[in-house]
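Asker: For reference, the structure I am asking about is given below.
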Amino acid sequence: MGETVVHGTTVLAIKKDGKVVMAGDGQVTMGDTVVKHQAKKVRKMYHDRILTGFSGSTADAFTLFERLEGKLEQYNGNLKRAAVELAKDWRMDRALRRLEALLVAADRNDCFILSGTGDVIEPDDGLAAVGSGAPYALAAARALIRHTGMSIREIAEEAMNIAASICIYTNREFTFEEL
């Protein structure tokens, strides 16, 4: 199977006018081998008020999901505060610093990328993407949101299809979550 590095994915979040859609593909790759086609990389949390998605190591991502969920409970669903506090923990905790995952978290007000270095990045335009197909999905979503009248769900679908047509680590077994 070659190397055992778990590769790529594509997760895309679009937040506009109080609505949010998050999409993720289903492919899991180890080295040069596809080992799963229908993984669910996006989900709802905190009473179905927050959307989250991940790229990178699945086990590491679930560790971060659990930590984020705990912070959301601690801060009563305040995504911005929970994300910042998780990032602080991520930077200070030796075990967390070794985690190899990126998270996207969004609600109707905020959208963040939480990086492996403990950064919290808030995109200027409400669009966020992580994973190997992220540049393609993000570029497509930006173009479509600026130059069409499509809904954000339609934009997410088309952007993910474009990413899947370019990125070999992204398939068309998409999962969508919406708020």
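Just so you know, glycine gets a Cβ as well, placed from its N, Cα and C.
Source: prediction; values computed, not measured.
Below are the features listed in Swiss-Prot for this protein:
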type	residues	note
ACT_SITE	THR9	active site
BINDING	ALA164, CYS167, THR170	Na(+) binding site
Asker: If the Na(+) site is taken as the center of the Cβ atoms of ALA164, CYS167, THR170, which further residues of that chain fall within 8 Å of it by their Cβ?
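Answerer: Other same-chain residues with Cβ inside the cutoff are GLY8, THR10, ASP25, GLN27, SER132, GLY133, TYR136, ALA137, MET160, ALA163, SER165, ILE166, ILE168, TYR169, ASN171, ARG172.
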Asker: Can you tell me how many other Cβ atoms are located within 10 Å of the Cβ belonging to ALA164 (Na(+) binding site)?
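Answerer: The Cβ of ALA164 (Na(+) binding site) has 21 Cβ neighbours within 10 Å.
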Asker: Count the other Cβ atoms sitting within 10 Å of the Cβ of THR170 (Na(+) binding site), across every protein chain shown.
Answerer: 29
Asker: For THR9 (active site), what is the secondary structure by DSSP, using just helix, strand and coil?
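Answerer: THR9 (active site) sits in coil per DSSP, no helix or strand.
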Asker: Among the binding-site residues listed here (ALA164, CYS167, THR170), which has the Cα closest to the Cα of the residue listed as 'active site'?
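Answerer: Checked the binding-site residues ALA164, CYS167, THR170; minimum Cα distance to the residue listed as 'active site' goes to THR170.
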Asker: What does DSSP call ALA164 (Na(+) binding site) in the simple three-state scheme?
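Answerer: The three-state answer is helix.
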Asker: Test of understanding: give the count of other CB atoms lying within 10 angstroms of the CB of the residue listed as 'active site'.
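Answerer: For the residue listed as 'active site', the 10 Å Cβ neighbour count is 29.
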Asker: Restricting to the same chain and to sequence separations of six or more, state which residues have a Cβ under 8 Å from that of CYS167 (Na(+) binding site).
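Answerer: For CYS167 (Na(+) binding site), the qualifying residues are GLY8, THR10, SER132, GLY133, TYR136.
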